[in-house]
Each structure stands twice: as C-alpha cells, then as structure tokens.
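What follows is a short report on a single structure.
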Ligand SMILES: NC(=O)c1ccc[n+]([C@@H]2O[C@H](COP(=O)([O-])OP(=O)(O)OC[C@H]3O[C@@H](n4cnc5c(N)ncnc54)[C@H](O)[C@@H]3O)[C@@H](O)[C@H]2O)c1
C-alpha cells in the first residue's frame, strides 16, 4: 500500500501524522511512504530524516492526495484537502464530525473511507487514540497553571512547591480520569498540595490504591467542591461526560469566594469548559482575568508541545495504521470491532450513529457498510 502524509495546514497545528519512526515501520512491513516536503518541520523532523529511512518526499499536498491509497493526518481535513479526497481512498485522522456539517457532507460526497481516531475503541471500550493527547494535556496543565500563578502574569505569586518554612500551593483537580490523573501526578511532583475530585467512587478507589497518598481524593459533591475551590491557589478542570458538553462546576458568583489571583486551568474547554466564565483561548494569548481570577483555557493544549504530542500520537496510531495497511481496511475492520467503531464515513454513507443524531443525517451501520 502507498501511505501518504501531507503537511498539516490548520492554523497553529505543528504536529504531523506520520513520524519517521512510524514511516520506517510501515516500510519494513513492505509498504511505500510519501510525505509532503516540510510536513515534519513543526515537530522537529527534517525531510532528510524521512529520506534516510526510505520514504519519498514530494513537493505538494496534491501529489500526496493523488497518489496515496491511505492518507494519514492529525487534524480533520480542511476544505481544500477534502476537495482532494477520492473514492476508495482511506483517510485516517482526527475528524470530530458531530459539530461540523460541512466537513461531514464533503467526506460523504468524496466517496472516501474516513476513519476517525477519536471513535476507535479498545477492548474495554476506552478511546486509545484520544488518551495520549489527554495525557499530554494533563501533564501540561500544572505547568501552564504554575506560569499563570506568577505575579507578572496576573497570578497570586505562589510557588507550586513552596520553600522550607513556606507551604506549597493548593491545587484542586476536578475529574480523575486520564487528564486529571496526569495533572495530579505532575502537580504533586512539583511539591503542591493536591486534591483530586471525582464523582465515580470506583475511580477514586483506584486512584487511592494506585497513588498511595501521593495526592488526596474527594467525592465531587457541590458543597465539597465549593469548599476546596475557595481554598485553592489553582483549580484544574478535567471532567468529561462522554458525548455531552462539560458540566459547569464553578459559577461566576463562586469566583468571589476564591483567593484573588488564583488560577483556573480549564482543560475541558474543548467540550465547552467546566467553569461558567471559561472561553476558549489560544497559545498566543492563553490567559485572561475575570473578577480577579486568572483563566487559562487553550482548547488545543497538546499543540504547545508538538514534538512530544506527535510522538505520543504516533505510538498510539502505529499499530492501527499497520493493520489497515497490512490487511487492507476491510479485513482489518472485520477483525477488530474497535477499529470498525472508528469508521465514520464510507463510500458516500455516514456510518457513525452519534454524528448522525447530531447532524440529522441517515446512518448506515458500519458492519453493513463495509460488506457493501
Ligand atoms: N484542552 C485540551 O487541549 C484537551 C486535550 C485533551 C483532553 N481534553 C479534555 O479534557 C477532558 C478530560 O478528558 P479525559 O481524557 O481525562 O476524560 P476521562 O473520561 O478519562 O475522565 C473524565 C473524568 O471526569 C469525571 N467526572 C465527570 N463529571 C464529573 C463531575 N461533575 N465532577 C467530578 N468528576 C467528574 C469522570 O468520572 C471521569 O473520571 C475532556 O473534556 C477532554 O475533551 C482537552
């Protein structure tokens, strides 16, 4: 199979869909690889690094899309990229179709087979191609929160770990899933006094067993959350209710109960945010103040550490990409229901029920679609 990787063109996207390491694996499996010139630059991979492992470097995205049997990317294809897709071609990337009717319509019209990273599931029903980006965002959250807390940035001027004789920052993490766990680990590693809130008791038990007092856990009742937030120097929002917008867990009125200059880091901003006063910001202009409380609400946090994010995403996507290439997409999906769950569009039909419901478009079951 010929696997192609174009340069990402969405603004501020520095990741690349195929690392030289992943390309080398595909070549070792007997496949051919082409990448667009400069595709890896934003993540620190030169064209020569791709040439060195035997991949072809081509001048334009047009050439990648025209020649590749499977196009591997990071972000959803932009309109100009969608126009290059063709019937029978496989597209493997993040799609996030539910809020995006234009993209959905274009993918259906293209006749291509579009597999979305974010809906691929593993045996336990988890989302293995989303988890690496949650790990990155979780580990980054205390780092950006610590920066936000610095006086020059409008923060309280509190050091995460304190110093001998002066206590550490109090950090509250709301949501103890992938993001929350990584955030708690890093914050506690920086020496902060950390409490993780979750509404799932089994999850709190698991965290308690796994981390043995490295951070405290608490049930996420409204009253307990308000109590902890009022004492906090930093609050990290890391909740997720699958398929729904994030619940608003801190109201604007509650900001006045908080310490002036405290930092709110809303990682759940990509699902609408879990603080009433959150609005999405960018890496260029990441923080703003409301009622004396500093907010950090960057919706694509992994982009700040593009190289780590590219490598982490590549590690997760590689086994799936190899199976799609080795077996062909149809046999690979017949052999793995979790990969089949990634099929969003095939040969002019939408094949994801959640997207169909959101956009009121008819859906064909993925297992039927791949038999057609
Ligand atoms: N901003 C970014 O760049 C970025 C990157 C990755 C992930 N995210 C977002 O981070 C959020 C968390 O993702 P995740 O992978 O950790 O999800 P996850 O499913 O692993 O964890 C979510 C946790 O939230 C808990 N929860 C739900 N409602 C709660 C409530 N009211 N109070 C306390 N806990 C509650 C759940 O029990 C679960 O343990 C998601 O919104 C995700 O989209 C953002």
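Cβ atoms are placed via backbone N, Cα and C, with glycine included.
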Per TrEMBL, member of 110, 220, 221, 256 binding NAD(+) alongside 134, 198, 203, 239, 240, 267, 268, 269, 270, 298, 299, 300, 301: 220
Filtered recorded positions, from 15, 75, 96, whose Cβ is under 6 Å from an atom of ligand 1: none
Confidence summary (mean pLDDT) of the domain 'Alanine dehydrogenase/pyridine nucleotide transhydrogenase N-terminal' (4-137): 96
Of 15, 75, 96, 270, i.e. the recorded positions, those within 10 Å of residue 300 (NAD(+) binding site) when Cα atoms are compared: 270
Helix-strand-coil residue split for the domain 'Alanine dehydrogenase/pyridine nucleotide transhydrogenase N-terminal' (4-137), DSSP-based: 49 helix, 21 strand, 64 coil
